[in-house]
Structure formats: C-alpha cells, structure tokens
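The block underneath contains the structure these notes are about, expressed in structure tokens.
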Amino acid sequence: MAAIMIGSISVPIVESARCATVQTGNRVNIVAPGHVAVCKPQMKSHSYYKHASEKLSKQASESINILNSFFDTDPEMRFRLTRNEMSKVKKGPNGRMILRKPRAQRVLERISFEKIEKGAERQVLPWRVYATVTSIINTFTDERNGIANSSLRSPFYKRSCRKEKKKIVCENVVRSASVNNLCDRVLKIAREKNIPVEMIGKKKNRHTLTFKNFKGSFIGKVSLAHERGQMRHVEMSYEQFGFILQAICRVTNTRCVRDEDIKPGCSGWVLGDDHELTQKFSRLPCLVIRGRDDEGIVNALEPVFFYDDVDHYSSQPEVQFFQGWRRMFDNFKPSSDHVCKVDHGNEECGELAAIFSQALFPVVKLSCQTCREKLSRVSFEEFKDSLAINFTVHKSEWDSLKENPHHDNVLKLIKGATQATQNLKLSSEVMKLVQNHTSTHMKQIQDINRALMKGSLVTQDELDLALKQLLEMTQWFKNHMHLTGEEALKTFRNKRSSKAMINPSLLCDNQLDKNGNFVWGERGYHSKRLFKNFFEEVIPSEGYTKYIVRNFPNGTRKLAIGSLIVPLNLDRARTALLGESIEKEPLTSACVSQQNGNYIHSCCCVTMDDGTPMYSDVKSPTKRHLVIGASGDPKYIDLPASEADRMYIAKEGYCYLNIFLAMLVNVNENEAKDFTKMIRDVLIPMLGQWPSLMDVATAAYILGVFHPETRCAELPRILVDHATQTMHVIDSYGSLTVGYHVLKAGTVNHLIQFASNDLQSEMKHYRVGGTPTQRIKLEEQLIKGIFKPKLMMQLLQDDPYVLILGMVSPTILVHMYRMRHFERGIEMWIKRDHEVGKIFVILEQLTRKVALTEVLVDQLDLISEASPHLLEIMKGCQDNQRAYVPALDLLTVQVEREFSNKELKVNGYPDLQQTLYDMREKNICKAIARFMARAKLAGKIMCNRAIEAILDFYGEKIDPASKRRKARIFAAICSRVLYHDPSTCKEHSRCRHAQI
C-alpha cells in the first residue's frame with residue numbers, strides 16, 4: 001500500500017475507488033525510528049569547495065566580460081553609459097530629479113583617458129593574477145552532525161601580539177563652563193572691542209555679526225543677503241544659528257528700540273523674545289529685521305514669497321557708497337603737513353571725484369558687472385583709445401575744469417597718457433626709407449622710429465633701447481661732422497699763401513718796356529670795346545664824392561677813391577688807413593666748397609692760423625691801373641697807352657669785367673680782337689648785370705677753350721660778402737669798407753671750378769652784385785610778356801624758369817593760364833627737357849585750382865602747398881639760366897614761410913602778413929593794367945589764342961551776322977579779361993550781363 005512520509009509520519013494513499021464507498025477515519029500509522037530514512041550530510045573536502053568557488057567565479061567573470069565586450073564594441077552605448085556615469089543629479093524646476101549631463105567633449109576625453117590608463121596598467125603589472133577564492137565553510141554544531149570542525153590553520157600558525165594604542169587625552173578648553181557661557185564671553189569681547197564675528201553654518205551659509213551703538217545701548221546686527229543685492233526667501237536659518245542669536249540677545253539691550261525707530265539702515269538688527277516687536281511680528285523666539293510690508297516688520301528668519309512686497313531696510317545707497325569711499329580714501333591718503341579745512345562744498349567735491357573716476361574707468365554704472373567685464377576684455381590699446389574718445393566727447397566739461405589751476409597737472413597727466421601717435425604718415429615715410437637696409441645706423445633708426453610710433457604705449461625696455469641707439473648714432477655723427485657740421489669747421493684751415501703767384505706773361509722781357517711795365521700793344525687798342533661801352537669815365541676835376549658809395553641791389557660799399565686826395569698832414573694821412581667795418585661774419589659752412597667729400601681750398605675763404613676767417617682791410621686806391629693778384633702782394637699794371645690819360649670805373653653790375661681785363665693780359669696780341677669781340681657780343685649779353693659767380697666762371701671757361709693761355713691768368717682781388725651773398729671784384733680804387741671775407745682763388749683755373757655742378761658750395765650762387773633787382777626785372781618782363789606772345793615765346797625759349805616767378809601772385813598765374821602760355825611751354829619743352837615740361841604741367845594744374853578759389857588767402861595757401869614739389873623738381877634741373885636762382889630762392893622762401901606759419905598757427909599765433917599780401921596783389925594788378933594800357937585793342941585780341949575759349953566760357957558763340965553786337969561783346973570781354981581777375985564769380989556774372 002502506497003504511503004507518503006512527512007517527517008516521521010507515514011500517510012497511506014487510498015485508492016480512488018475505495019474513497020467513494022469506504023468510510024475513512026483519522027488513522028495515523030506511527031513508523032518506527034528504525035524505518036525512517038536519515039539524510040546524512042555529505043562530507044566533501046576543502047579542495048572541492050575551492051574548485052567550485054573558482055568555477056563559479058570564472059563563470060561570473062565570463063558573463064561580465066561578455067557584457068563588457070558588448071558595451072565596448074558599441075561606441076554609442078559606451079558613450080551613453082559614460083555620460084550617465086558622469087552626470088550629476090539635480091532638482092528640476094517642478095521638483096523632479098533630473099540628470100545634469102556633461103558636455104560631449106568632456107565625455108570623449110574621459111573615454112580616451114580610461115583607454116590609456118588600462119593600456120598602461122597591462123604593461124606595468126603583467127605579473128598580477130586576479131583570482132578569487134571563495135571559502136564556504138558550513139559549520140554545524142556537534143550536536144547536529146556529530147562531526148568536529150576541521151581547522152584551516154597551518155602548522156606554522158602563530159598568533160601575533162596585540163599592540164596597545166596610546167590614548168591621547170585632549171585638553172578640555174572649556175573646563176568650568178558650558179558652550180553658552182563660551183559664546184557669551186566671546187560676544188562680549190567682540191562687543192567691547194568692536195570686532196566683527198563670522199558665523200558659519202552649513203555649506204555656504206555664513207553671516208557677519210557686528211555691534212551698533214543705538215541710544216547708548218549695543219544692538220547686534222547680522223549681514224543679510226539683500227544687502228549684497230541677492231534676494232532669497234529665507235535669508236537666515238534659525239535652525240543653524242538659533243543658539244547664536246539667543247546668545248546675541250543675552251549680551252545686548254534692545255529695550256530702547258521702538259517701532260518708529262525701525263527705518264532704512266536697520267536691516268539685520270537682532271531682537272530677543274522678550275521684545276514687544278518680536279512678540280508682535282515673529283513666530284520664532286528671535287526677530288532679525290529684514291524690512292516692512294503691508295502687515296508690518298518682516299522677519300529674515302521666516303520665508304517671504306514675494307520680494308517686491310517687502311521694503312528692505314538695508315542702508316541707503318549713498319550711505320553705502322560713502323562708507324566704501326571713506327574707507328579706501330583714508331587708506332590711500334598721503335601724509336599731511338598741514339591742518340585740513342573745509343574750503344569746498346560737497347557737491348563740488350563729488351563732481352571732481354566723478355570726473356576723475358570716469359576719466360580712468362568710464363562705465364555707465366559702477367555697480368554693473370557687465371560694464372566692468374567689458375573694460376576687462378579689451379586690450380590696453382583699445383582701452384586707451386576709449387579714454388581718448390571719452391576725453392574728446394566731453395571736451396566742454398574738461399575745459400570748465402581747466403579754469404581751476406589746481407587741476408593742471410592732473411589734466412596733463414590724463415591727456416598725455418591717452419594721447420596716441422597721430423602723425424603716422426611721417427613714421428611710415430621713415431620706415432620706407434630705412435627698410436631693407438641692414439646697416440647698423442639704419443637699424444638704429446628703425447628702433448628709434450618704432451619707439452616713437454608707439455607714443456605713450458612704449459614700454460620702458462623699448463624706451464631704453466631707443467635711447468641707447470640714439471646715443472650710439474650721436475657718437476657716430478659727432479665723429480663724422482667734418483662733412484657738414486660746424487664742429488668740423490673748427491679744424492678747417494685755409495691759410496693764405498706766403499708766396500706770390502708767378503705770371504709768365506709779366507716776366508717775359510719782350511712784353512715789358514724799359515721801365516719794366518707791361519706793354520699792351522694790340523691788346524690795348526682792342527680793349528676800347530670794353531672801356532667805351534661798359535665803363536664810366538671818372539673826371540677828377542668834378543671830384544670823387546659821387547663815386548665813393550658803390551651801390552648794389554643788396555646794399556652799398558664805399559670805395560677808397562676819396563683817398564686819392566692825399567693830405568700832407570701826417571695825422572690826417574693816417575686816418576686814410578682806417579676803414580668802415582661791416583658786421584663780421586664767423587666761419588660757417590657757406591665759406592667752404594666741397595667735392596666728393598673733400599675741401600676745394602682754392603674755392604674757400606681764407607682763414608688765419610687759429611681757424612678764424614681772414615677779414616679784409618682797407619684797399620688803397622691808385623690811378624689808371626689794373627690791379628691783379630689775389631694772394632700775396634698785388635701787382636699793378638698800367639692801363640693801355642691810349643687810355644693812360646683817363647680814369648675809368650666799371651658801371652654798376654659790370655664789375656666782373658675786371659676779370660676779363662686781367663685775362664686779356666695773357667691773350668696773344670693777334671687774338672685780342674677775337675677775344676674782346678666775344679666778350680662784347682656774346683658773353684656780356686648772356687651775363688647781363690650782376691650775374692652769379694657760377695655764370696662768370698662758366699664764361700671764363702668758354703674763353704679758356706678759345707684762348708687756353710688765359711687759364712693761368714691772375715685774378716683781381718675778390719671779397720666775399722656773406723650777409724648780402726655778393727662777390728665784390730676790387731678794382732684800382734680799392735675799398736674803404738672792411739670786414740669782408742677773402743676768396744682764395746688766384747687764377748682763372750681756380751675760378752673755373754665754380755662752374756662745376758658737382759661742386760657743393762653756396763658761394764657759386766652768389767651774385768657779382770645782387771639778386772633782388774634781377775628778380776624784379778624778371779618779374780616785369782614776365783608781366784610784360786603775358787599779353788605779348790612774341791616776347792613770351794622768347795622768354796620760354798631762352799629762360800623757361802621765369803614762369804615760376806608768376807607764383808608771387810595768383811593774378812599772374814590766372815592770366816598766363818587764360819593766354820595758354822603753360823600749354824605752349826609744355827609743347828616746347830616736353831621733348832627737350834622732361835623735368836622742365838613737368839614744371840609747366842604742375843603750374844597749369846595749380847592755376848586751375850587757384851581759379852576756382854575766391855579768397856586770396858586760400859589761393860596763396862594752394863601756391864605754398866605746391867612749392868615743395870616744384871622745389872624738388874628744380875633741384876634736378878640745369879641751372880644755366882639766369883632765372884634759375886631767383887626761382888629757386890622764391891620757392892625756398894615759400895616753403896620755409898609755410899613751415900614757419902604752420903608752427904605759429906598750431907601754437908595759436910595769427911599770420912600778420914595778410915595786409916602785406918593784399919597790398920602786393922593790388923600793386924601787381926596795377927602793373928598788369930599799366931602794361932596792358934600800352935597795347936592796342938586789336939593787338940590784345942588778335943594775338944590771344946585763348947579768345948575762343950573765353951567766349952565759350954562766358955556765353956554762346958558770337959553771332960557773325962551782327963557786327964555791332966560782336967564789337968560790343970568783344971570789347972566787354974577784353975576789358976574784363978585784361979583788367980580784372982576772371983577767376984571770381986563776380987567777374988563771371990559781370991561778363992554775362994555785358995554779353996546780354
């Protein structure tokens with residue numbers, strides 16, 4: 001019969017057929033203990049469990065490796081897992097918990113870092129074996145299994161000794177008092193000594209406690225968030241700071257505080273539970289004043305949901321500002337040497353502080369963080385530019401501040417710190433000149449220019465480098481000043497020769513008479529061509545008074561001709577040896593001549609042994625002699641026999657003919673006729689009056705080509721007047737005026753050197769007479785030739801530089817432009833000399849601009865602006881025309897005058913020559929009218945090619961059918977054009993009315 005064993009109870013299983021008919025009862029068959037199956041525990045060794053644990057660990061590791069390999073092979077899944085792992089849990093706006101995920105870049109960096117770390121770990125620790133041993137020990141009591149527990153201790157097991165730990169007894173700080181007593185004692189000390197106390201809570205919750213004196217009592221005040229501009233629902237936690245607030249109430253007395261005393265500035269006051277305001281407005285034992293709302297005082301310990309409903313009682317902004325101002329002002333104040341008084345009002349002081357604050361830290365609001373960050377993000381150059389712009393925009397406020405002289409130094413400092421280098425054009429020009437040059441001096445100039453370009457932005461290192469380079473350049477320049485500097489002239493010596501010049505023509509016996517005097521022969525006969533035309537006869541019976549003063553355009557000089565009347569009194573005779581001295585000029589660069597960097601001593605002024613210039617003394621006169629010999633004692637040659645009974649003196653402007661007479665001494669007799677005819681017919685018309693020394697030297701060179709024997713001829717004495725830039729050729733009548741420099745040139749060969757263009761000398765441009773008269777005559781010829789085409793064509797052909805003299809007046813330029821003289825000059829010279837043609841092009845363009853300007857000052861400014869360009873072109877042109885030097889001087893004067901006036905205008909000084917310009921323009925207009933009055937109307941019209949262009953400008957073409965109307969319009973146009981300046985609008989309108 002089947003049965004089921006439940007423990008020690010056997011339950012028989014009844015067949016289903018019997019269960020329906022047989023009545024069963026509660027029968028239980030008890031099985032004997034011997035028949036019950038016993039479940040004995042299986043005894044297994046330690047190695048079995050070790051093997052089983054290793055197997056389970058291996059299976060777990062394989063499953064984990066399979067899972068890791070799955071995630072490692074899928075980069076997207078790896079990225080998501082790493083990003084979630086790095087995410088932080090954050091509370092969302094609706095109270096939900098969300099993940100604050102990092103940026104993708106940080107996640108990728110983390111993944112790459114982990115890969116690198118794993119690879120390094122495999123390389124460094126290859127010996128490490130990871131094994132997991134799991135020991136499972138089933139412990140059964142002896143009563144249940146009857147088997148003793150097996151021990152895993154080895155026979156070498158030994159129990160280690162237990163080390164006793166030394167107990168460190170901390171000294172109790174508060175031995176006899178509680179924590180509350182400690183707080184009270186600390187707060188009392190802080191109250192008495194006015195020390196702020198920092199109260200630190202959890203995380204960032206911290207407040208500063210100070211004690212205020214109110215009505216003779218101390219009140220505790222804690223700092224709150226709204227005082228820093230931060231709004232919070234609960235500004236102070238009572239749970240964290242409750243015991244400290246109660247301690248504050250114990251050491252303060254707040255009974256004197258009333259409701260009406262709570263005003264702005266009371267924020268943070270601490271009131272205890274015994275105060276009536278605490279009992280009225282607070283649900284907590286303490287009241288920390290935050291402000292007021294509609295219901296009354298607001299407690300900072302309690303939550304506030306709407307910030308706008310609360311009127312916070314923090315200190316007033318001006319009070320807070322003044323507290324910070326006073327604190328830092330006192331920290332930075334200098335040491336005082338006097339007792340300060342209140343001499344200025346608070347409003348004025350506030351304005352001054354605001355001006356200086358905005359000058360150095362320009363912001364819209366000092367409390368704005370964006371304004372401060374905006375200034376911190378810009379570079380130093382941009383910050384300085386913003387200060388300069390701010391300085392310019394508020395110039396009126398700065399000008400009002402300048403009225404007080406106490407602020408001048410501060411204004412200069414601020415303005416100097418914000419100024420930038422404006423004239424970058426000059427700096428760029430310097431860089432153009434020195435770039436690509438590797439010499440030491442060019443690099444030094446680059447360093448100096450780089451420092452100057454930066455202006456106030458230059459650093460101290462750059463400034464030190466620039467000063468060092470400047471010092472080296474100065475030392476180098478000082479050692480090489482012998483080229484142009486005055487220091488080199490201190491060592492210049494050009495002593496007079498102690499030996500007399502030997503003239504072979506005067507030593508030949510065949511040319512001397514029995515008295516040893518020179519015999520002119522045929523030379524004397526042909527010299528009449530010079531004496532009759534260019535010399536004036538002196539009649540002794542009429543006296544010598546009118547010949548004493550020798551006039552030249554730049555001044556006067558006294559001759560010693562009056563000393564021909566010799567007194568027999570010794571004292572009076574000695575007075576004839578005394579001269580009249582002019583202002584003596586020192587030795588300058590104008591006294592020397594150089595070529596290829598070397599001095600040409602024969603073309604320089606004579607000096608003494610100490611280097612000072614040799615000044616001329618009285619030159620005694622003689623009768624009927626030709627005096628030659630510049631060095632040593634002079635030689636006296638009798639005049640030709642035909643002229644022996646007469647006395648001659650050269651006319652004004654022709655004293656250079658004495659040089660040609662001295663050359664005539666060395667000319668062969670059979671060639672004397674050709675020599676004198678060339679002088680009279682060719683050279684004198686070309687030289688004219690008062691030619692330059694360069695022109696005279698060129699003429700001597702021409703004569704030397706045809707008559708080579710004249711090159712060794714001795715020259716007359718030549719004195720140099722640097723003040724008037726004049727060369728005085730001394731004849732037999734000497735000179736009573738003394739103090740001139742002496743030219744060392746003694747022969748014609750020496751004189752010819754002045755004709756070289758390579759010779760660097762100012763004296764070669766000196767006139768043997770003067771320049772103003774020459775320039776005035778050229779201007780008169782120019783004005784006369786404006787309306788005379790033949791004369792103008794002759795001027796353009798012979799001396800094109802004369803047109804540059806028209807720049808003295810805008811009226812002359814406009815008239816030459818109307819008559820198309822510039823066009824003729826361009827057509828004539830564009831192929832012959834490109835530089836001269838360029839001058840005419842510039843003059844034509846300049847005149848167009850001048851014609852469009854109505855004011856005289858503006859016209860003169862345009863002319864001055866064009867002068868530097870013309871001056872640069874003129875220096876590269878040939879200087880063999882007589883108008884070259886006057887034109888060059890005119891341009892130089894205009895350039896220098898413009899530069900000087902520019903400096904004066906910048907410094908605020910007016911130009912006082914305006915009246916002079918107006919009067920000069922009126923005189924030129926009168927001169928033009930005077931010259932045109934001499935010409936006939938038919939000549940004015942028929943010789944003017946510009947008449948058709950003038951008619952086109954002022955109106956329509958003349959109707960050929962109406963002769964009377966044609967004559968009337970013709971006369972009106974000619975009168976307007978020839979007598980008035982046609983460049984003004986008034987003249988345009990007059991001509992239009994005349995045409996109608």
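Backbone N, Cα and C define each Cβ position, glycine as well.
Annotation comment: Swiss-Prot describes H226 (among others) as active site, for P1 proteinase activity, evidence class sequence analysis. DSSP classifies H226 (active site, for P1 proteinase activity) as helix under the three-state reduction. Cβ neighbour count for H226 (active site, for P1 proteinase activity) (all protein chains, 10 Å cutoff from its Cβ): 21.
According to Swiss-Prot, the active site, for P1 proteinase activity annotation covers E235 (among others). According to DSSP, E235 (active site, for P1 proteinase activity) sits in a coil region rather than a helix or strand. If you take the C-beta of E235 (active site, for P1 proteinase activity) and look for same-chain residues 6 or more apart in sequence within under 8 angstroms, you find L224, A225, H226, V288, R290, A300, L301.
Other Cβ atoms within 10 Å of the Cβ of S267 (active site, for P1 proteinase activity), summed over all protein chains shown, number 22. Annotation source Swiss-Prot lists active site, for P1 proteinase activity at S267 (among others), citing sequence analysis.
If you look up Swiss-Prot, you'll see C655 (among others) marked as active site, for helper component proteinase activity, on the strength of sequence analysis. Over all protein chains present, the Cβ of C655 (active site, for helper component proteinase activity) has 23 other Cβ atoms lying within 10 Å.
Marked as active site, for helper component proteinase activity by Swiss-Prot: H728 (among others). H728 (active site, for helper component proteinase activity) carries a strand DSSP state (E or B). Long-range Cβ contacts of H728 (active site, for helper component proteinase activity) within its own chain (separation 6+, distance under 8 Å): R557, C655, I718, L719, V720, D721, S735, Y740, V768.
Mapped onto DSSP helix, strand and coil, the domain 'Peptidase S30' (173-313) counts 45 helix, 35 strand, 61 coil. According to Swiss-Prot, the domain 'Peptidase S30' annotation covers 173-313, on the basis of sequence analysis.
Look at the domain 'Peptidase C6' (647-769): DSSP puts its residues at 57 helix, 24 strand, 42 coil. Under the heading domain 'Peptidase C6', Swiss-Prot lists 647-769.
For the motif 'Involved in interaction with stylet and aphid transmission' (365-368), the model's pLDDT averages out at 81. Annotation comment: Swiss-Prot describes 365-368 as motif 'Involved in interaction with stylet and aphid transmission', evidence class similarity to another entry.
Within its own chain, the motif 'Involved in interaction with stylet and aphid transmission' (365-368) is flanked in space by residues 357, which lie at least six positions past its ends and keep a Cβ under 8 Å from the stretch.
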